[in-house]
Ligand SMILES: [Zn+2]
């Protein structure tokens, strides 16, 4: 995972041509141009796989269900040769546990919860004691462990996981902590774990104190860099990772701001208005004319359309800002992101959620959740339909082909959302 960025650099260096990295989207759109697209009664637009009521059709649900069964079998077989020591959510066993937790949520099948337990136990036996985030460190297995144990009524085991999770906190807020702030390896990736536990197990499971200390450390770090770069006026919060001011959800500002905007993070309203909001607005002004976002503040090429780098990972931040600040401009720009993703979102990099088609599909689900417009449900289904032909498009095969963030588990997670699309969440990110 340390190679997340270097690998992307390698890819962008070798395949400069847009055609190399994206498939031309040949799916018919919800309605032809010029017709009111939000009107399900409008003539001429395609409907399938939605039924006459604008819900995901029973036939499509069945297709998705069958494919998921098939992919789960392939995944289980493939995992037999996966790295036994990778416990991360991003590419390892905790990610698989999280998938089964999701399958249990949508199906209610007890066997899925048992599987989640088996996989998370594997991770809990192998905590590495170095990294602290939900995606790449010990906070992931501990938070997921706490939830799985609680669902099984193993209350003591669940509490133990939370105690251990909180033992990581001093390393996150300590003054000499060298930790970055981004989601994959930094403070926000630890903050997510605390917010996730409270969301799943009830507010107050983790006290306000430890949460607000982490939030303060994140704010302080951002203000320090911004002041150092003389940007305190324009962008009061600035962050970098490996010397670059990344924009996207995985390493950048959009991921950090999204987490600070969470009601569960309890950022005081004057700080939200005076510090977080102007920073969000600064970032908004960095978008390309196409509506897409650069991978970093210094990058001017409009190329990557991924959850990790580009518009898809910025959508949740814009929608959250819209909900909090009640201004249409945030929603409008999220909608613009949706257009970019629809045009360019079928990736040759595969079907995963970090930089694949399923991850881009999640942006439509987020837009659907907020707007309830059938167009976005339709588009989400079309990207799911693409994932039903898993492996047949000649996409690049990821290094960890069965994992949650790079591979098959992520695509299955996305497909499972079709059962309750109004209630979807991008795993390990959206709350
Ligand atoms: Zn990625």
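In case you wondered, yes, glycine gets a Cβ from its N, Cα and C as well.
Annotation comment: TrEMBL describes 308, 354, 355 as Zn(2+) binding site. Neighbour density for residue 355 (Zn(2+) binding site): within 10 A of its CB lie 30 other CB atoms from the protein chains shown.
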(request) Return the single residue from the binding-site residues list (308, 354) that has the minimum number of other CB atoms within 10 Å. (result) 308
(request) With H, G and I counted as helix, E and B as strand and the rest as coil, say where DSSP puts residue 355 (Zn(2+) binding site). (result) coil
